[in-house]
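Copied over from TrEMBL:
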DOMAIN    25-152  domain 'Tripartite ATP-independent periplasmic transporters DctQ component'
TRANSMEM  12-37  transmembrane segment
TRANSMEM  43-64  transmembrane segment
TRANSMEM  85-107  transmembrane segment
TRANSMEM  127-145  transmembrane segment
Amino acid sequence: MDKIIDILDQVLMKLLTAVIILIGLMVIMSVALRYLFGISYVWFQELIVLMFIFTTFFGSVVAFKRDEHLSIDILYSRFPPKLKIIFNIVFDILIFYLNWQIINVSIRWIKRVGNVVNPGMRIPMSYFYAILPVSSFFLLIYIFGDIIQKIKDIRLQE
């Protein structure tokens, strides 16, 4: 499981890096086209927004893997190590359940409204919306691996 998660992490990091660089270049190009030549493409702006949404959702997956989400741990830092691990497992299970629900609800939502065509790029909005369940699925994989690792950590402390 660790190898799968490590490979997924490397792929996501490379993909996110490429998309962020591409966003930067596209914004510069868009501004240059608009102010130097008076040309503005709606689809270009929509593609930038789509890529930004992609980096937000998939970036949160990578942040989970690296334990970089914001947290306030005033009380938590005072717990004994074993209790910290137990709390982390409980929180992981709650996050797992939440993401499972996000997948279920978002798939139903995409089926209902995803056929609307994007005005600029002329593609179904379902491609935009699919980012939510796909990123949540990747997060489920990470959470599952995290829970397994924490259970191993508890066993090591016994």
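Residue positions begin at 1 at the first shown residue.
Heads up, the Cβ atoms here are built off N, Cα and C, so glycines get one too.
Between the transmembrane segment (43-64) and the listed ranges 12-37, 85-107, 127-145, the one holding the most Cβ pairs under 8 Å is 12-37. Sequence-distant contacts of the transmembrane segment (127-145) (same chain, at least 6 residues past either end, Cβ-Cβ under 8 Å): 1-2, 4-5, 8, 12, 50, 53-54, 57-58, 60-61, 64-65, 92, 95-96, 99-100, 102-103, 106-107, 109-110, 113-114, 118.
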